[in-house]
Amino acid sequence: LFDGIYPFYPQQRKAAGFDISTIIVIVVFLTLACSFLLIIPGIRGRARLYWTLRVLLSLFVGVVIVVVQFTGDWETGWVQANTSYKSFSPAQVNADIGLHIGLAGVNVTLRGNPVRQINETIDYNEHFPWNFGADYDHSYSQGLQKGLPSPILYVAEKFTVQSPCAVHRQYRIAGHYASAMLWVAFCTWIISNILFSMPVLIYGGYMLLVTGAFMIFSLLSFSTVRNSPMCLIQIGTRTLHVAYGGSFWLMVAIGLICFVAGITIVAVHHLNLDLLKTFFDLREDKAEEHQEMPEVFINPHVMNKNL
């Protein structure tokens, strides 16, 4: 024994706070934002504020579109209950059981209240994927073989293919199409940034509207699972209910921001084009193209008299 731990045996898995893919995406976009902040002092005048607002807002929209693909809180639910901890054991524990549904799978969280009970640390966060290429039932079978706590297996069993709840197919298809719509929105977001830099401002505004539209389509696709009745998840004497989570409402907000920004750009293009060019730092370039010829002084000794 080494401090009460067997050193040559696998230890209990720790609960994960963030998905690795989410951290990678956030780090990439933070690197882009920091790179821009390093060059922003080279922009003079009021254009510095406009550039900062445009770039940071655009990066925020892009990182949200990608990050929500990997988050697990499109639907969430928590319940605190007294429940059995392991099969074939009369031991009861007081714990918080959480259900977190994402586009690619479901996370079931079990956290003791307090964490240390019956001489064990009760702090689990297990992921069961259902995206295409993954086998949800196989992951559930692995959980059975590992001997996961009964509350986790009970909640995860509700989403298996053979479950009487019959919600596995609905969540899997809805998550797949919602993810596809978000990747299309990410592509249109890139195109809108290219159009703004060309610059073709009004078409960039149109592409922002298309980006917002595909975000809304993804939300509608995911919300179709509400058409299927959800089985009651009864844990002890309490019932676990799920509702739309942070990722869902964040996508609603970002979609509305894209709609408002796109409509504003298109409207200002037709009502006050000079104001729009000022915001995108294009007035000076236009003035240089159409500036009048300055007064020219000619040396009469060199000038040809026949001209």
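Each residue, glycine too, has its Cβ placed from N, Cα and C.
TrEMBL annotations: computationally assigned, not manually curated.
TrEMBL lists 20-39 (among others) with the feature transmembrane segment.
Within its own chain, the transmembrane segment (51-71) is flanked in space by residues 19, 21-22, 25-26, 29, 32-33, 36, 40, 43, 102-104, 179, 182-183, 185-186, 189-190, 193, 196, 211, 215, 246-247, 250-251, 254, 257-258, 261, 279-281, which lie at least six positions past its ends and keep a Cβ under 8 Å from the stretch. For 51-71 (among others), the entry in TrEMBL reads transmembrane segment.
The transmembrane segment annotation in TrEMBL covers 91-110 (among others). Panel annotation: around the transmembrane segment (91-110), residues 15, 68-85, 117-118, 122-131, 134, 136, 149, 151-152, 155-156, 159, 171, 175-176, 178-179, 222, 233, 235, 240, 242, 245, 247 of the same chain, lying at least six beyond its termini, place a Cβ under 8 Å from a Cβ of the stretch.
Residues or ranges marked as transmembrane segment in TrEMBL: 177-196 (among others).
Taking Cβ pairs closer than 8 Å, the transmembrane segment (202-222) reaches residues 61, 65, 74, 103, 174-175, 177-179, 181-182, 184-185, 188-189, 191-193, 195-196, 248, 251-252, 254-259, 261-266, 269 in its own chain, all 6 or more past its ends. Per TrEMBL, transmembrane segment is recorded for 202-222 (among others).
Among the features that TrEMBL reports, transmembrane segment is placed at 242-268 (among others).
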